Amino acid sequence: MSGDRLEFENPIEDAVSRLRFSPQSNNLLVASWDSYLRLYDVESSSLSLELNSQAALLDCCFENESTSFTSGSDGFIRRYDLNAGTVDTIGRHDDISTSIVYSYEKGEVISTGFDEKIKFWDTRQRESLVFSTDAGGAVGCVTVSGNNLVVCVDASMHIYDLRNLDEAFQSYASQVEVPIRCITSVPYSRGYAVGSVDGRVAVDFPNTSCSSEIKYSFRCHPKSRNGRLDGVCINAIEFSPCGSGTFVTGDNEGYVISWNAKSRRRLNELPRYSNSIASLAFDHTGELLAIASSHTYQDAKEKEEAPQVFIHRL
């Protein structure tokens, strides 16, 4: 295993679902199935906050240094005052809420769920829910980049313009052709990268006229079994914010691999972790990579040992 392991006074008791670094510091959010949202100060190697949420947390995001949000298995969208250590509910989905992101362009929280809804929340308003639209299916993952929101339903990608939400302005089947497990925005371009349940990565630039970097896909985590290549589910994919074109993938067998999207080359593979890679997150400088080694409830063969979070310095 590679990196410094974070120490928690009260161990994380169930699967880690999401890691998120703050946009401007090395504060790290850790959302997990044990109902706790944890805030960890990586610089001082100390736990700053631990808040119970009464439901398994499936995703989290920052608004700023003092405010964050989560989506839960009970459908509720919760807001956390990280300075006061308080939690309140801003609304809910009619089924499990799977994903949550914050749009800095709109100043709104965007959540999705198994109720096939995309919901937009503005906590500055008395009625926080400002818009809701049908996703056309249960949403697996989302990402937001500028004014573009990308919603993944099964193997399809639906792109919305946040300035005009009447309908998706572009919908197409991803190159991976199987259910999409994770998605990330490409920092240096209006594009996206997705990881699939069968170990494929697809990099798409749907709104560019560039010649050579439009779109491509490859099998990123092949494993040889019985004389043939089997794919291993990619649970996490993240681009470095430094604009180098580097991105990392994490799979269900504990491997973290870095790649260069521009040269289409494999760069490095970290020593194998003891459990699945559940989530990855870069800090705002691209110098730190947070890695969650944890079961994910995606594979019956996973080991349900205590989850661990590591910081790898690049």
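Here the Cβ of each residue, glycine as well, is placed from N, Cα and C on the backbone.
Keep in mind that this is a model prediction, so the values were computed, not measured.
Annotated features in Swiss-Prot:
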type	residues	note
REPEAT	11-50	repeat 'WD 1'
REPEAT	52-90	repeat 'WD 2'
REPEAT	92-131	repeat 'WD 3'
REPEAT	134-173	repeat 'WD 4'
REPEAT	176-215	repeat 'WD 5'
REPEAT	229-269	repeat 'WD 6'
REPEAT	272-311	repeat 'WD 7'
Inquiry  = For the repeat 'WD 6' (229-269), what's the mean pLDDT in this predicted model?
reply    = 90
Message = If we skip the immediate neighbours and take only residues 6+ beyond the ends of the repeat 'WD 4' (134-173), which ones have a Cβ under 8 Å from one of its Cβ atoms?
response = 98-99, 101-103, 105-106, 110, 112-114, 116-118, 120, 179-186, 190, 192, 194, 196, 204, 206-207
Ask   = Which bits of the chain, at least 6 residues beyond where the repeat 'WD 7' (272-311) starts or stops, bring a Cβ under 8 A of a Cβ in it?
value = 1-6, 11-26, 28, 30, 32-33, 40, 42, 181, 197, 233, 235-242, 244, 246, 248-256
Query = What counts of helix, strand and coil residues does DSSP assign across the repeat 'WD 2' (52-90)?
reply = 0 helix, 26 strand, 13 coil
Query = Per DSSP, how many helix, strand and coil residues does the repeat 'WD 4' (134-173) have?
reply = 0 helix, 23 strand, 17 coil
Query = How does the repeat 'WD 7' (272-311) divide up by DSSP, counting helix, then strand, then coil residues?
reply = 0 helix, 16 strand, 24 coil
